Amino acid sequence: MTKTTLKQFLQSHTKDTSLTQIIVSLTEVCKEIAEQLRTAPLDSIHGATQNINTSGDIQQKLDVLANDQIRKSLESIQEVHALVSEELPDADILHEAGEYNIYTDPLDGSSNIDINWTTGTIFGIAKSGTEYLIPGERLDVAGYVLYSSACELVLTLGNGVASFILDKGEFLLTRTNILIPEDGRYYSVNESKSADFDDKSLALLAQLKAEGKSLRYSGALVSDIHRVLLKGGVHFYPRTKSHPEGKLRLLYEINPIAKIVEEAGGRAYSAGKRTLLITPTKLHETVPISFSKR
Ligand code: AHG
Ligand code: MN
Ligand code: MN
């Protein structure tokens with residue numbers, strides 16, 4: 001049976017042609033990134049640059065490349081207002097008159113790049129004009145692409161979650177209405193930092209262990225959240241001594257993932273508050289986060 005392509009899916013799921021154009025552009029770039037990752041060890045584009053981004057991370061060559069490719073792909077779309085990216089200090093205004101803002105972590109899982117391991121691209125799209133500091137509930141679209149043994153796109157247009165596998169240059173629909181399973185065998189957290197966790201996070205950790213859950217942690221949010229989406233369980237990045245407000249960035253890492261998790265029937269909470277309701281006060285703001293079914 002022939003499978004539905006991403007473009008066919010978009011045709012039947014949204015009438016907003018600008019949104020469609022933005023999603024198609026972003027996913028075309030993800031195809032390029034997937035190919036780049038596949039051949040990076042041959043092309044010597046692994047390794048770090050001399051630059052440090054706003055969050056204090058050393059930019060990898062592939063972080064910068066992915067960011068530049070995303071920016072370039074959006075340049076020609078007049079409806080795009082600005083790009084908010086992990087790798088850019090400020091909102092990059094592409095078209096004053098455009099209304100759509102794109103939030104992205106161009107390459108998530110930097111520490112996995114050089115070891116041929118799982119990475120991802122995260123994106124959110126909101127029709128919010130000159131307002132960039134919006135709560136995640138205002139995202140019209142959220143998605144991520146997982147670069148792993150298969151390249152997979154997970155997408156929500158605000159009406160359930162679908163996923164697509166890249167095959168011969170096309171993203172093909174493989175799952176619709178993804179719902180996080182009620183229970184899961186795994187918990188996922190950087191447990192090496194547990195001595196720095198607050199009491200609530202320590203209690204959660206103890207409870208998960210008491211329930212007999214096993215630990216899985218990849219160091220790439222996209223990959224750890226993909227497990228939660230398909231297998232249930234919990235992924236969290238709490239406050240620690242080195243990151244007193246959490247490490248993960250609200251606008252372009254957490255919010256798109258939180259939107260997907262909620263659309264899949266799960267919960268995203270930050271310090272007792274529904275994450276999608278938080279209005280950020282700065283572009284690269286971080287918050288503690290936990291993602292789970294219940
Ligand atoms: P990025 O590679 O985009 O900077 O993101 C890394 C993030 C996230 O993907 C992951 O969940 C987390 O950092 C891992 O942090 P620790 O190394 O502190 O566990
Ligand atoms: Mn990231
Ligand atoms: Mn990144």
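Keep in mind that glycine also has a Cβ here, set from the backbone N, Cα and C atoms.
Because TrEMBL annotations are produced automatically, they should be read as predictions rather than curated entries.
Asp105 (Mg(2+) 1 binding site) counts 29 other C-beta atoms within 10 Å of its own C-beta, drawing on all protein chains shown. Residues or ranges marked as Mg(2+) 1 binding site in TrEMBL: Glu86, Asp105, Leu107.
Positions annotated as Mg(2+) 2 binding site by TrEMBL: Asp105, Asp108, Glu253. When secondary structure is read from DSSP and collapsed to three states, Asp108 (Mg(2+) 2 binding site) falls in the strand class. In sequence order, Thr119, Gly120, Thr121, Ile122, Tyr144, Ala220, Leu221, Val222, Glu253 constitute the residues six or more apart from Asp108 (Mg(2+) 2 binding site) in its chain with CB-CB distances below 8 Å.
Residues or ranges marked as substrate binding site by TrEMBL: Asp108, Gly109, Ser110, Ser111, Asn190, Tyr217, Lys247. Of all Cβ atoms in the protein chains displayed, 16 besides its own lie within 10 Å of the Cβ of Tyr217 (substrate binding site).
The feature domain 'Fructose-1-6-bisphosphatase class I N-terminal' is assigned by TrEMBL to 2-175.
The feature domain 'Fructose-1-6-bisphosphatase class 1 C-terminal' is assigned by TrEMBL to 180-291.
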Practice problem: Please give the average pLDDT for the domain 'Fructose-1-6-bisphosphatase class I N-terminal' (2-175) in this predicted model. | Solution: 96
Quiz item: Taking the Cβ of Glu253 (Mg(2+) 2 binding site) as centre, how many other Cβ atoms lie within 10 Å?
Solution: 27
Practice problem: Reduce the DSSP letter at Tyr217 (substrate binding site) to three states and note it down. | Solution: coil
Quiz item: Among Glu86, Ser110, Lys247, all listed as binding-site residues, which has the most CB atoms within 10 Å of its CB?
Solution: Glu86
